[in-house]
Amino acid sequence: LCVPTILTRMGLSELFWHHEYWLPPGATWEDMKDSADIHYPQPQDLLLCIPGALLLIIVRCIFERTVALPLGRRLGVSDKLRPKVQPNATLEGFYVLLGRTPKEGDLISLAKQSDLPVKKVETWFRHRRAQDRPRLMKKFCEASWRFTFYFTSFFTGLALLYDKPWFWDHTMCWLRYPQQPLPPALGWFYLLELSFYCSLVTTLPFDVKRKDFKEQIIHHIATITLIFVSYCANLVRFGMIVMLVHDASDYILELAKMLHYMKWKWVCEAVFIVFAVVFIISRLVLFPLITYYYFVTKFQLFLISSVINAFLMILQLLHVFWSYLIIQMIFGVILHGAKRKDARSDTEESDRSEAEDVAKNK
């Protein structure tokens, strides 16, 4: 049948949810009907991620103000004094509309328009960029929130899975698939993870913008897609293992960031090395073994499984990219004592030059 004929015979919704796309050959949605004692994943359950994401954003705001902020102050995290920028409509208009870093020709033109020396204009833009840089306390609060969530998520996931035979023997993940009942605890865990990543996408424009901003967006979209698709196709066992592998290193990274903002140099470097080891083992060794080997070689392919494979490959490419940055930071900063700089930071000027500008203005 041609595509128009198919579309006229069944609605778009029926076409989208056709069992041949979502389930392996021979299986239908009739095999996954709920009963009094047995519950299977239902796509409409995932709509709860919308209020869930909003709730997490509210909890985050409360947490950052009542827990992270006082904790940061007690641990010695403080924002550096920054030079004040003199109001200038001409320079401000260029900064907002045309760019934060004007070229030499633009500097000369702006100097004439403002009746200021070129050096003064250049300094104004440097101070203005510094003014927009995220405060250290803001970074600490964001890292504290993510550390709290990832830490809770990882160890909650371990507590839910440690007594499950299929967690230790991954070939059992596919036993009697897709007729695998969904324990309520795993369903709520899945919903929590989806809500969290939806909240991250929502707050991305307001969070500290880092150099891998585009990669972050790709990662969040791929993660949300995988959680949604795997839940609808009842690949919850597989999805739980993938999420646990990812959470294993995330909370260690956020802890290292917190220590960095606290200026606990040696402790930070030790924790970061632990993070690097866990990240590389979990993302470059365990993740491919668990996902690609069992999912590709032990599982019958169908449309949704191919989609999942594609997004898993996207995640793996991101893992390789971030592993390169991590190894580069370890050898360049920690082992060889190069100038310390966060590879994912949006910092443009050094703290030293900023401090000198403040001293000049006093």
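From the backbone N, Cα and C atoms, a Cβ is placed for every residue, glycine too.
Curation does not apply to TrEMBL; its annotations are automatic.
Quick look at what TrEMBL annotates:
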DOMAIN    91-135  domain 'Homeobox'
DNA_BIND  93-136  DNA-binding region
DOMAIN    138-335  domain 'TLC'
TRANSMEM  143-162  transmembrane segment
TRANSMEM  185-206  transmembrane segment
TRANSMEM  218-244  transmembrane segment
TRANSMEM  264-286  transmembrane segment
TRANSMEM  293-315  transmembrane segment
TRANSMEM  321-338  transmembrane segment
REGION    342-362  region 'Disordered'
COMPBIAS  343-362  compositional bias 'Basic and acidic residues'
Which residues of the same chain, at least 6 past either end of the transmembrane segment (218-244), have a Cβ under 8 Å from a Cβ in it? 22-23, 32, 40-41, 43, 45-46, 153-154, 157-158, 160-161, 164, 166-167, 170, 173, 177-178, 180, 182, 186-187, 189-190, 193-194, 197-198, 200-201, 204, 287, 290-291, 295, 304-305, 307-308, 311-312, 314-315, 318
Would you mind splitting the DNA-binding region (93-136) into helix, strand and coil residue counts from DSSP? 32 helix, 0 strand, 12 coil
